[in-house]
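Participant: First the structure, which I've put down as structure tokens, then a few questions once you've had a look.
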Amino acid sequence: MQVLSTRGKMNAIPATQAVLQGIAADGGLFVPETFPEIDLEEMKAYAAHEYDILAARVLQYFFDMDEAALAEITQQAYGTFDDSRVVPIKELSPAEYVMELTHGPTLAFKDMALQVLPRLIRRALDIHKQEENVLILTATSGDTGKAALEGFRDVPRTAIEVFYPADGVATMQKLQMVTQEGGNVAVCGVQGNFDDAQTGVKALFADETLKAFLKKAGYTFSSANSINFGRLIPQVAYYIYAYAKLAADGKIADGEEINFVVPTGNFGNILAGYYAKRMGLPVKKLICASNGNNVLTDFFNKSVYDANRPFHKTMSPSMDILISSNLERLLFEVTGRDDAQVRAWMEALKTSGKYEIPQETQAQLKGTFWADFASEEETAQTIRETFGTHGYLIDPHTAVAKCVEEKYRRETGDDAVCVVVSTANPYKFTQDVLRCISGQDEDDAFRAAQLLAQATGTEIPPQIADLQEKPVLHPDVVGRTELKSAVEVFIERMGE
Ligand SMILES: *Cc1c(COP(=O)(O)O)cnc(C)c1O
């Protein structure tokens, strides 16, 4: 398939090319030329077998690659997961399910896409006979960084440098990154919050002297952030899978409309749900759940996107985001692909941190989306109650979604089946989860993990337990203006 830019200033290119570029040359995001129509019966048949087969089928709609290559990619990608079902679906009640996207090597939903993306990039280099290697630069609010490092580690012809906000990620998240092994990886803290790190990385992509430096060293940029088209599409698959699986198991009727509740930050995950709906999946509402950084809640309910507000550090740091990049793709679709309008809004966002959409656009959005947020207290209470009622331990991000699901049911009276999207293993946020469950404050993250295991009868995942033994390989923290020299040093080291 060909893809277009949301800013409309370039010709369509093949999806495999878009994966190599990351962001479009006009500053926009790549979107599919059309939305292919799925055949639900076919998907139900796949869902009865293996997740990776269904995922390959979904990729095949979008990527100009042969079936066997895609099947190999998804088989390898999801072979790294610790559950043979890949995406287990937990039933809390006949009307409430949790889709667990947490079984990948880094215990966060980012693995769903980031185990696939490096393999797509590797193939795309061959397809387009690109001579330069690919340098991935990524800003992370916590989970992307580790998942990207794990996905790209030692993938030939790629190198990756991850920038994380020095005081914006959880202890376990940080340890997961700074202990990362692999010959082609670098990790660097940035003084500031996630938006500082993201702004810094965006500036690198636009830096012509850095580009020239890299070209000489035999590299071009790409991005592993959720703006990369190759991140978005693997995420479409699990919405289709969840529906097909529930239908195949007789939990829902054929064609019955269901809701998905998504803990949202950069708007990548929930956008994939929107794409699935556009492909014909019977989705009633996509429920956008935010934490105290509730820019999106206000956007959907008041038609103004306004990032000019205090930034809150929460228990769900992967959602501590004020600029949700992927919203641009949704705006492109709901305006009937009006790229001039998208450019105007994105320009306003850049200059004033704010833009307003017309009433009719908002009304249209409200047909598909419903949005609310959970405070820290509500999140804690949801973790406690979910464990108390179901014996089921969830992480703070998932708890935000579960809490907003409950608000949705109360406020709308809608009793349709809801699938809560679970995005991280609770042991990534042990100290917070322990405090929510048992009221204990424990400074040491590993001790907290032991206490949490005792209190809940759950097991510490080996990816977490093993961190204690691993040496810190990436201790550096730089100022906001020093990202460029960090990249240069890394590339020089790669050349040695
Ligand atoms: C990244 C992340 C999110 C937010 O997902 P987006 O695609 O950025 O909206 C939510 N929860 C967890 C655990 C994450 O890692």
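Placement of Cβ uses the backbone N, Cα and C atoms for every residue, glycine included.
Just so it is clear, the model here is predicted, and its values are computed rather than measured.
Relevant sequence annotations retrieved from TrEMBL are reproduced here:
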- 4-78: domain 'Threonine synthase N-terminal' (DOMAIN)
- 97-349: domain 'Tryptophan synthase beta chain-like PALP' (DOMAIN)
- LYS110: N6-(pyridoxal phosphate)lysine (MOD_RES)
Participant: Output, ordered by sequence, the same-chain residues six or more apart from LYS110 (N6-(pyridoxal phosphate)lysine) with a CB under 8 Å from its CB, or 'none'.
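Facilitator: Same-chain residues close to LYS110 (N6-(pyridoxal phosphate)lysine) (Cβ under 8 Å, separated by 6 or more) are GLY104, ASP143, THR144, LYS146, ALA147, ALA148.
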Participant: By DSSP assignment, list the helix, strand and coil residue numbers for the domain 'Threonine synthase N-terminal' (4-78), in that order.
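Facilitator: Split into helix, strand and coil, the domain 'Threonine synthase N-terminal' (4-78) gives 39 helix, 7 strand, 29 coil.
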Participant: Helix, strand or coil for the residue listed as 'N6-(pyridoxal phosphate)lysine'? Use DSSP.
Facilitator: helix
Participant: State the mean pLDDT for the domain 'Threonine synthase N-terminal' (4-78).
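Facilitator: Mean model confidence (pLDDT) across the domain 'Threonine synthase N-terminal' (4-78) is 94.
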